[in-house]
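To start, the structure itself, in structure tokens.
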């Protein structure tokens, strides 16, 4: 089987939406029966985004096999059925780390190690490895054409197109076509200059995706085609839309998938986008709305919680309600009190690290428990719920996590001292160990209690969810907390670790150690988020009586 590659680049400015465009195109090709995957190549020198600030980089998306990756991989999984893995995302730092390790071992037999060919060859090898077994692979190059750090990746894909043959390689370039109100027209010159920059590197784009706040007129697309040496039918207008799930239909309506299939000589049926049409219909025709408060510490950048926000929206689709998300800084809860949590239909505390704002999260969990407000805690959101219950119900004054107070009297949450690395080897860590790559990561099995709410929601006794954490419930103190009324609703496959807790005699109080947001999709939703949004809707109705 021959694998075909579409290399996706961006020009003029960043944040044009390369990831959404690539994912949308992949969704159309998948709907034509093709086996599709997507890769993201990031030009920063960090080995992975695992230790990067969420406020700078956005969320870290965790794959089934435990890779800490760029948030664009979350978009990919929400748009196509193919599961991402560590092969789908790598960085400059990872490439240099691999090459330097080989150099130290003597693998290069004394050769002078250079960007070309050693770095570019390493990039090409990873791209080819990631594409094995697929009909079409979309490869998104992070950053903007012209950035110095992107040059090795651009050179690598230029070479790769020659290596595999131009009949199996396409270059798709996203570019900004701004509208100038003073002139009353869109301007194509930035696109021309962006393509000129690509040509100077040796890459002639085959497809141009024109990003604008409005549809780019046919005469302007013809002008772009003429000056950029691209067929008119390969100049695609991608205007702003009110829902990203409309983009597959927008691209298909302009024949982008037909053009690609003809270029690759792929004989496949027309794309059936009925599932996406259903998503768009549900999104546009809600029967009501709810307001859910999300209390976190990185709220100045909503992308830090991208998958959670999307999963809440998916939960809304499954309940035919619009979910309005109110982002609340947990430090504001500390300084202004729980009064700012009033008038919410439900409360969610997502994952996070560090002590800043944690007491505000603990106060939030108490407010939700005592006032019968639906609560969903994720990762740290479960740990603060446990701490709150231990302090205020189980009589364990000043209970805490050793992450925040190492010598506390009741360490109800403690460090995981053993975990398996990406090769399956058991590693031992302590508080002084490196932060990068030293967490419980990836898909883990969980056994659900028969009498639990989550057992009803999932409709199964065993589930698999993705993890990203260093701290866990301390089993040594668990019996006292359970005796006070807390229910352990889910345990790890070996029954050693607490994965889910519930508060009985509460309308809906569920907290999990894993990250359910990573497996939620617009077409299928997720049982926890669907149940949570339903509980929010029911709470709203109770309050209205």
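Every residue, even glycine, has its Cβ placed from backbone N, Cα and C.
As recorded in Swiss-Prot, the features of this protein are as follows:
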- 1-266: region 'Amidoligase domain' (REGION)
- 14, 187, 188, 189, 190, 191, 192, 223: UTP binding site (BINDING)
- 14, 147, 148, 149, 187, 188, 189, 190, 191, 192, 223: CTP binding site (BINDING)
- 15, 16, 17, 18, 19, 20, 72, 239, 240, 241: ATP binding site (BINDING)
- 291-542: domain 'Glutamine amidotransferase type-1' (DOMAIN)
- 352, 380, 381, 382, 383, 403, 470: L-glutamine binding site (BINDING)
- 379: active site, nucleophile (ACT_SITE)
- 515: active site (ACT_SITE)
- 517: active site (ACT_SITE)
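Here the features listed in Swiss-Prot are painted onto the structure.
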| residue | record | contacts (Cβ under 8 Å, 6+ apart) |
| --- | --- | --- |
| 14 | UTP binding site | 143, 144 |
| 148 | CTP binding site | none |
| 187 | UTP binding site | 177, 178, 179, 180 |
| 189 | UTP binding site | none |
| 192 | UTP binding site | 224, 227, 228 |
| 379 | active site, nucleophile | 350, 351, 352, 468, 469, 512, 513, 514, 515 |
| 380 | L-glutamine binding site | 349, 350, 351, 352, 353, 358, 361, 469 |
| 381 | L-glutamine binding site | 348, 349, 350, 351, 361, 365, 511 |
| 517 | active site | 307, 308, 310, 311, 350, 378, 526, 529 |
Over the region 'Amidoligase domain' (1-266), work out the mean pLDDT and round it to an integer. 95
Fill in the CA-CA distance, residue 17 (ATP binding site) to residue 190 (UTP binding site), as an integer in Å. 17
Assigned conformation of residue 383 (L-glutamine binding site) - DSSP reduced to three states: helix
Residue 72 (ATP binding site) sits from residue 382 (L-glutamine binding site) (Cα to Cα, rounded, in Å) at a distance of 26
Excluding its own, the Cβ atoms lying within 10 Å of the Cβ of residue 15 (ATP binding site) add up to 10
Going by Cα-Cα distance, which of the binding-site residues (19, 191, 240) sits nearest to residue 403 (L-glutamine binding site)? 19
Under 8 Å by Cβ from residue 72 (ATP binding site), same chain, sequence gap 6 or more: 18, 19, 22, 23, 40, 61, 140
Please tell me which one of the binding-site residues listed here (15, 188, 191, 223, 240) sits closest to residue 383 (L-glutamine binding site), measuring Cα to Cα? 15
Roughly how many angstrom lie between the C-alpha atoms of residue 188 (UTP binding site) and residue 240 (ATP binding site)? 17
